[in-house]
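Colleague: Sharing the features that TrEMBL gives for it:
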- A:21-43: transmembrane segment (TRANSMEM)
- A:55-74: transmembrane segment (TRANSMEM)
- A:81-98: transmembrane segment (TRANSMEM)
- A:104-127: transmembrane segment (TRANSMEM)
- A:134-152: transmembrane segment (TRANSMEM)
- A:172-194: transmembrane segment (TRANSMEM)
- A:224-245: transmembrane segment (TRANSMEM)
- A:251-271: transmembrane segment (TRANSMEM)
- A:278-297: transmembrane segment (TRANSMEM)
- A:303-322: transmembrane segment (TRANSMEM)
Amino acid sequence: MAEAVAVGADRESLGGRLRDIGFWADWAAVIGLVALVIVFGLASPSFLTLGNIQAMLVSAAILIVLAVGQTFVIATSGIDLSIASIMTFGAVVLGLLYAAGWPILLACLVGVVAAGLAGVINGTLVAKGRIPDFVVTLGMFSAASGAALILSDGKPTQVVDGFLLALASGSVGPFGYFIVVAAVVVVVAHVALFHTRFGVHVLATGGNAEGARAMGIRTGRVRLAVYLISGVLAGVGAILLVSRVGAAEPAINTTYLLNAIAAVVLGGVSLQGGRGNILGPVVGALLLTALTNGLTLLGISQYYQPLAVGVVVVMAALLMRYQR
Amino acid sequence: MASARSWRARRFRRGVAGLALAAVAVAACAPPDRSAEVAAIIKGLDNPFFQAMGQGIEDGATGPVTVQAAQSTADTTGQADKLSAVAVQGFGCYIINPISGTNLVQSLSLIAKQGKPVINIDSPVNAEAARLAGATLASYVGTDNTHAGQVAGDFLAGRLPAGAKVALIGGTAGDVTSRARLDGFRAAVDGKLTVSQTVDVNEWSRSEALTRAEEIMRANPDLAGFFVANDDMGLGVSRAVQNAGKSDQVRVVSVDGVEDGLRAVKSGQLAATVAQYPYTIGEMGVEACRAAAAGHTLPATVNAPVALVTQDNAADALSAFPKPFEQYDDPYRQLLQQ
Amino acid sequence: MTQQSGTAVLSTEATADALLVATGISKSFGNVRALQDVSVWLPRGQITALIGDNGAGKSTLVRVLSGVHPADEGSLTFDGSPVRFASPEDARTAGIETVHQNLALIDDLTVWQNLFLNRELVRGFGPLSFLDRKRMQEQAEKMLSRLSVNVPPIRSKVRRLSGGQRQAVAISRAAGWGSKLVIMDEPTAALGVQETARVEELVKGLRADGMTVLLISHNFDQVMRLADQVWVMRAGRLAAGRRTQDTDGEELVGLVTGAITS
């Protein structure tokens with residue numbers, strides 16, 4: 001019966017759907033992004049220039065990679081508060097190995113592995129230690145940034161390397177390598193979440209862990225795996241970060257943590273878990289980037305930017321309550 | 001059901017594309033010419049030092065100027081994003097105060113393609129990284145922070161008995177400015193005073209500096225002085241000294257010369273501050289842009305003024321604030337006056 | 001004062017074609033003796049009910065049979081051979097499926113995804129195996145087509161289903177994997193009259209297909225309507241066994257409360 005009603009709703013006229021708040025809730029991030037593009041496009045002639053769009057996509061790339069990692073964790077009803085400090089940790093490992101004369105590709109690889117290990121520690125404590133995600137990753141947030149400070153002795157390491165410089169400024173056609181990397185991450189993540197057994201088990205673990213266990217799904221392993229994914233993607237983010245700022249810096253940038261979670265929420269992924277979606281958080285990340293970029297172009301003081309982000313996120317969350 | 005959904009998605013996508021195209025069309029109508037304008041990207045406005053710098057840039061400009069700042073002094077990529085964003089608007093000259101030596105390099109390579117002058121103020125861009133990215137800087141103006149630390153060290157070494165114990169409080173671990181100031185101080189007091197310990201305070205937090213100072217005094221009852229890497233934290237430390245009832249015993253010296261700092265020197269809470277003039281640095285940055293626009297060749301490096309402010313001259317320093325109370329060299333102004 | 005029943009008593013000696021035989025099962029949790037020397041058997045292709053008050057040991061017995069808790073003492077024989085279940089997977093591999101009271105359905109997944117949960121069909125090899133959605137959907141249609149009524153749309157999310165439809169999905173999933181025994185824990189406890197009737201039809205349908213069913217229920221009328229035989233538990237022990245044709249609701253109530261001993 002319920003389904004019959006729902007099918008009817010799908011066939012409603014456009015006007016009917018526009019009046020249905022559920023429609024707006026499902027498309028919150030996309031609608032928000034389109035609205036911003038229109039507003040900023042009208043207000044600032046530079047906003048929709050090719051150069052600016054390229055710059056926005058490049059600056060969204062790190063956030064997209066982190067948001068994808070965060071999506072996997074949140075889909076299992078967890079949360080990774082340590083994602084930005086693991087990225088910093090990975091960056092410091094990368095930087096120190098590079099400074100010690102390792103080949104850049106090997107340094108990058110070990111940086112990713114180090115970040116992945118931090119993720120494994122998170123996952124093990126959550127899955128085997130039965131400690132709440134929030135507590136574990138809050139601890140890792142501190143521990144990973146502490147490790148980064150200790151390893152680096154608090155000093156930034158210059159990583160001035162041709163390969164990373166090319167990664168930051170080179171492009172394939174109009175698309176910078178950053179965008180290409182982010183796109184590959186997004187596609188792989190989408191396939192993993194929706195076209196593999198693992199993805200189904202992630203959603204099942206988040207939706208009903210007890211039920212998933214009753215069906216023989218090893219939810220502990222699934223949790224371990226999502227934190228591993230989150231850690232590895234933080235490591236990928238670290239490579240992008242080092243190549244973008246040209247140095248491995250031990251100071252952590254908490255904006256990335258908050259924006260990664262905000263992007264996931266904007267993308268319609270429920271913090272209660274069970275509902276996953278990769279493209280939503282990507283649009284959320286683009287929205288947050290466009291918001292900051294547009295306000296910068298308009299010359300609006302950066303004081304207003306965190307406020308704007310907060311308002312957008314809370315509005316999206318309110319709208320999300322009407323999701324179908 | 002599936003087909004209904006994809007139909008809906010298709011309709012929706014078409015709508016989105018249409019709206020985006022419309023916006024592009026509108027945007028294409030009115031490209032404003034900003035080639036006579038100046039854009040400045042500085043470190044942050046959450047600190048009086050950078051507020052004064054921003055003010056100096058705005059006051060020094062004769063035409064329109066856009067000042068943007070990073071979200072915080074850890075927001076390295078955010079600052080780079082902002083520079084990229086203003087770079088596409090085609091300003092005539094860019095003033096940058098980078099958070100780190102390299103974080104703006106990639107965005108600078110965008111500007112390098114436009115051939116517009118870039119004035120580096122305050123924190124220097126890493127020369128090697130700039131060269132690799134093909135970025136060129138027209139001029140650098142800033143304070144020698146090591147020198148500022150030395151001035152503070154000489155002052156405290158002159159006021160305290162030989163071998164007296166001092167503690168150093170730096171800003172965010174790894175911050176270049178903090179490190180330079182501390183290194184300068186250490187070099188100046190070497191062999192004269194005893195540095196009991198050095199702590200770094202995350203995000204240059206005043207309240208955390210206060211807490212650290214209390215702990216240090218508890219651990220070192222015979223402490224005679226603090227060197228603090230900026231005024232804001234210095235005020236927190238002087239509060240800790242007052243709270244401990246040691247105002248007569250422990251002297252606090254900091255660097256920056258912000259208005260609150262100068263007042264604290266006048267009232268005796270701070271023994272001295274080494275004043276740097278962010279306002280003047282900002283002003284000189286805009287003058288450099290004007291000089292470049294007028295076709296002058298700019299000097300590669302200009303040292304901004306530094307002055308030791310003690311109780312003797314604090315009143316003068318306050319009345320001239322935010323400008324220096326002593327004479328100083330301004331090579332850009334000399335170029336403009338030619 | 002207690003009545004003594006006569007010939008209707010069901011022996012704990014299993015008949016030769018019993019699908020599952022549990023002999024002398026005991027289970028303790030710390031100092032609590034949850035089960036003491038319980039022996040029951042389930043006739044093949046029939047519906048057996050398990051009744052008793054709260055705390056009588058029904059759930060513990062079900063957990064032992066479905067591999068959740070291994071028994072401390074006693075033995076299990078399933079389909080003619082002795083078995084030992086260390087985990088629910090062991091029991092499932094042997095052919096015992098359990099429909100838990102919470103149904104173990106994932107609300108935000110579709111009906112077909114729930115039917116194939118942890119048994120997803122894939123194409124490809126190793127890390128490059130991808131879900132074969134089309135084949136799973138086709139098979140899901142077949143699995144559900146056995147339900148004459150109450151067929152939920154397979155592509156709809158479970159969240160949108162009615163209580164009876166959810167029960168139907170959970171039961172179809174349990175019955176759909178070549179299983180030999182389906183254990184159902186209070187399948188109609190949360191349902192209205194109409195939905196209860198539909199689920200009962202579904203359970204009868206399983207028996208018609210030759211499935212063996214163990215039904216835990218509080219509803220004696222339902223037990224009389226559905227079951228072929230009944231085991232009654234009281235205070236961790238087996239209190240009695242009856243063929244439903246030889247008993248009535250009143251006697252079952254007496255056996256559960258202890259007013260009647262057999």
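Cβ atoms are placed via backbone N, Cα and C, with glycine included.
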Colleague: Let me spell it out: take the transmembrane segment (A:172-194), skip the flanking residues so only those 6+ beyond its ends count, and list any with a Cβ under 8 Å from a Cβ in it.
Modeller: 50, 54, 57-58, 60-62, 64-65, 68, 71-72, 75, 166, 202-203, 233, 236, 240, 244, 276-279, 282
Colleague: Does the transmembrane segment (A:303-322) come close to the transmembrane segment (A:21-43), meaning at least 3 CB pairs under 8 Å for residues 6 or more apart?
Modeller: yes
Colleague: At a threshold of under 8 Å on Cβ distances, which of A:104-127, A:134-152, A:251-271, A:278-297 pairs most often with the transmembrane segment (A:55-74)?
Modeller: A:278-297
Colleague: Taking a Cβ cut-off under 8 Å, which residues six or more beyond the ends of the transmembrane segment (A:251-271) line up next to it in the same chain?
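Modeller: For the transmembrane segment (A:251-271), the list is 25-26, 28-29, 32, 62-64, 66-67, 69-71, 74-75, 77, 79, 81, 83-85, 87-88, 141, 145, 148, 156, 237, 277, 279-285, 287-288, 309, 312-313, 316-317, 320, 323.
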Colleague: Same chain only, please: residues at least 6 beyond the ends of the transmembrane segment (A:224-245) with a C-beta under 8 Å from a C-beta of the stretch. Say none if there are none.
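Modeller: Distal contacts: 58, 61-62, 65-66, 68-70, 72-73, 75-76, 78, 80, 83-84, 86-91, 93-95, 108, 111-120, 122-124, 126-127, 159, 164-165, 167-168, 178, 181, 185, 198, 202, 256.
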